[in-house]
Number of protein chains: 2
Amino acid sequence: MEEKDISRAVIKRLPRYYRYLGELMEDGVERISSNELSGRMKVTASQIRQDLNNFGGFGQQGYGYNVKYLHSEIAKILGLDRTHNMIIVGAGNLGQALANYTQFEKQGFKIVGIFDVNPVMRGVSVRGIEIRMIDELPEFVKNNHVEIATLTLPKAKALDMAKLLVDVGVKAIWNFAHTDLNLFMPDDVIVENVHLSESLMRLSYNLSRFEKDHLQE
Amino acid sequence: MEEKDISRAVIKRLPRYYRYLGELMEDGVERISSNELSGRMKVTASQIRQDLNNFGGFGQQGYGYNVKYLHSEIAKILGLDRTHNMIIVGAGNLGQALANYTQFEKQGFKIVGIFDVNPVMRGVSVRGIEIRMIDELPEFVKNNHVEIATLTLPKAKALDMAKLLVDVGVKAIWNFAHTDLNLFMPDDVIVENVHLSESLMRLSYNLSRFEKDHLQE
């Protein structure tokens, strides 16, 4: 495949294409036209063609897209064609929920360790993965080629922990703490924030707006 | 406050302003200039002024913004000035983690019930909230003015459950299932999707891209 700059907007849409193509594969669909995919995804066919043209000409007139091929090409772009070792830091409810979620592993994100600061958690296992204390973290990260740390700690502890993680060689942080860690990290550290409260606020905004519109009718 | 159309881009940024203003209040800060806020949020001061001008003239030259007032005005816009009753449907790990998370309640999202389809969950309590079976759901929604349902069910069960929820009067769905429920819901139902896998894929993309750039240096 030719190297090419792909716009951020397209990149943002790729995981969704990947999910739909995966579902088509599960359903045994081998090829699909942009029109059919448009009907499923509620995106215009021309948008789909434009987006997928970024990855070279694997859509063919009268044939459509080869589902499996397109799925694997998008996987490569998203870095899903190899395994990423991941740890979870913060073994509270959310940390344990994420550890129990097997879907991530199917996509190549392998949870190799869980860490916490609370001594009562020492030795407890989640899905066969032992919870370790933070003092074991530096060596563990080195010995297990850990690339990604999922941070499910309270806001007050998140920044110091993130700095420690980066110091010991973690390259990316999946941050669930309610703070914009990316503002405090070196440029070469990837931070992806998941702010659940903000998602709920957008829902609440839409709910309020709808009720207002409804009252005015 | 004057009614005014506020762009989607501004609305998307509001929860972040709300969070920073809340932190300033916690720190006892009473007023802040757009320049100071710009330094904290890493957004340009002119962007901040432009965004906040949407809500009328509560920024004053030489004074800055009244933190508490601005916080409460944004709360009104986001619908956070009143309580929303919420249920969680799917009492697995993620559902229980969300039920245990007290922050939502502080923002006015009150978890009044938890539901599951698995009979072994019947009567189990999470943070004092009893897990109920789905057959109790219709009456519960009516009697408890439930507006929002958090859906933490596997993909295969999510759509049918969403339809049931809407039928019994739920107005908004906070969807954690890996499916675009909004495509199948009536227009007057608010759906906010949280696709954790897609967030992790964006992280993975950035990680791959960084490594590639790094290798080419």
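Using the three backbone atoms N, Cα and C, a Cβ is placed for every residue, glycine included.
What TrEMBL says about this protein:
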DNA_BIND  B:16-55  DNA-binding region
DOMAIN    B:79-180  domain 'CoA-binding'
BINDING   B:G90, B:A91, B:G92, B:N93, B:L94, B:G95  NAD(+) binding site
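Here the features listed in TrEMBL are placed on the structure.
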residue	record	contacts (Cβ under 8 Å, 6+ apart)
B:G90	NAD(+) binding site	B:F115, B:D116, B:T150, B:L151, B:T152, B:L153, B:F176
B:A91	NAD(+) binding site	B:A99, B:I114, B:F115, B:D116, B:N118, B:M121, B:V124, B:V126, B:I131, B:T152
B:G92	NAD(+) binding site	B:D116, B:T152, B:L153
B:N93	NAD(+) binding site	none
B:L94	NAD(+) binding site	B:T152, B:F176
B:G95	NAD(+) binding site	B:I88, B:V89, B:I114, B:D116, B:T150, B:T152
### Query
Under 8 Å Cβ-Cβ to chain A, which of the binding-site residues B:G90, B:A91, B:N93, B:L94?
B:N93, B:L94
### Summary
the domain 'CoA-binding' (B:79-180) resolves under DSSP into 38 helix, 29 strand, 35 coil
### Query
If you average the pLDDT over the DNA-binding region (B:16-55), what number do you get?
91
